[in-house]
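S.K.: Input: one structure, supplied below.
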Amino acid sequence: MKNIMILSGAGLSAPSGLKTFRDNDGLWEEYDVMEVCSATGFRKNPKKVLDFYDARRVQLQNVKPNHAHEKIAQLKEKWGKNLFVITQNVDDLLERAGCKDVVHLHGFLPELRCLKCEGIFNIGYEKIIDKQCPKCKSKDLRHNIVMFEEQAPAYATLYSLLNQTSLFISIGTSGAVLPVGRYASMCEKSILNIYEKDANLERYFDKIYIEDIINAIDKIALDIENFMKDGNV
């Protein structure tokens, strides 16, 4: 049986109410991106960065998975090991929708990482203050998020799985961080879902849905069915 990859970005979780860098309101407007999302910013002002991620956890607690998260969870249940679910998002909405084995390329917001023993543990939506590592009891902790200027270990997993993928599906990502057009060209067939037209990106894909993922996801599910039957989308 052939393998499918769904790679998602901010456009997957935006309908749930999670703000992105491109929004003009909400959490992000108060911050300079490089101050709170870069290794340099963390070295300069760790408290500001940790406070920022505390605020993001609070925001995450107050939103729910949307229909697209739930549909992807159903697709994963149906296709199992033949469907790779990869996301640039750091939220837990796919997991809350019941999706198993999600690969988070840029880390996971509910988790902290110990700077002493490198242990990773889940604190849900709580603040980092007064937390300690369950392994070594250290309080020298940070968010388990890959910031700008840091290595993303999960990229190795992404590229390994891409080499096994026949149908590549890109959902809600502009290609600004990852070259999804190049990924599409590595696979037999490809589907793109974006909210606004982008001719430079569209040219790499076989099928394109320029619409909200809530409207597109059921069509994409049908495309997967067709691909698994006869290799076409």
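Yeah, the Cβs are placed from backbone N, Cα and C, and that goes for glycine too.
So Swiss-Prot lists the following for this protein:
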- 1-230: domain 'Deacetylase sirtuin-type' (DOMAIN)
- 9-28, 88-91, 172-174, ILE213: NAD(+) binding site (BINDING)
- TYR53, ARG56: substrate binding site (BINDING)
- HIS106: active site, proton acceptor (ACT_SITE)
- CYS114, CYS117, CYS133, CYS136: Zn(2+) binding site (BINDING)
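How about a rundown of where these features are and what they're close to?
M.R.: Mapped onto three states, the DSSP output places GLY9 (NAD(+) binding site) in coil. Counted within 10 Å of its Cβ, the other Cβ atoms near GLY9 (NAD(+) binding site) come to 24, all protein chains included.
Secondary structure from DSSP puts ARG56 (substrate binding site) in a helix.
Over all protein chains present, the Cβ of HIS106 (active site, proton acceptor) has 20 other Cβ atoms lying within 10 Å. DSSP assigns HIS106 (active site, proton acceptor) to coil, not to a helix or a strand.
Same-chain residues at least 6 positions away in sequence with a Cβ under 8 Å from that of CYS136 (Zn(2+) binding site) are, in sequence order, CYS114, LYS116, CYS117, GLY119.
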S.K.: Could you measure between GLN88 (NAD(+) binding site) and HIS106 (active site, proton acceptor) for me? Cα positions, answer in whole angstrom.
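M.R.: Given the Cα positions, GLN88 (NAD(+) binding site) is 6 Å from HIS106 (active site, proton acceptor).
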S.K.: As a test of the contact definition, list every same-chain residue at least 6 positions from TYR53 (substrate binding site) whose Cβ is closer than 8 Å to its Cβ.
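M.R.: In sequence order, LEU109, ILE128, HIS143, ILE145 meet the Cβ cut-off.
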S.K.: To test your reading of the Zn(2+) site: which residues beyond CYS114, CYS117, CYS133, CYS136, same chain only, put their Cβ within 8 Å of the Cβ centroid of those residues?
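M.R.: So the additional residues around the site are LEU115, LYS116, GLU118, GLY119, PRO134, LYS135, LYS137, SER138, ASP140.
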S.K.: Round to the nearest Å and give the CA-to-CA distance linking GLY172 (NAD(+) binding site) with CYS133 (Zn(2+) binding site).
M.R.: 35
S.K.: Mind checking which of GLY17, GLY172 has the fewest other CB atoms within 10 A of its CB? They're the binding-site residues.
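M.R.: Each of the binding-site residues GLY17, GLY172 was scored by Cβ atoms within 10 Å; lowest is GLY17.
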S.K.: What same-chain residues, at least 6 away in sequence, bring their CB to under 8 Å of the CB of CYS133 (Zn(2+) binding site)?
M.R.: LEU112, CYS114, LYS116, CYS117, GLY119, PHE121, LYS139, LEU141
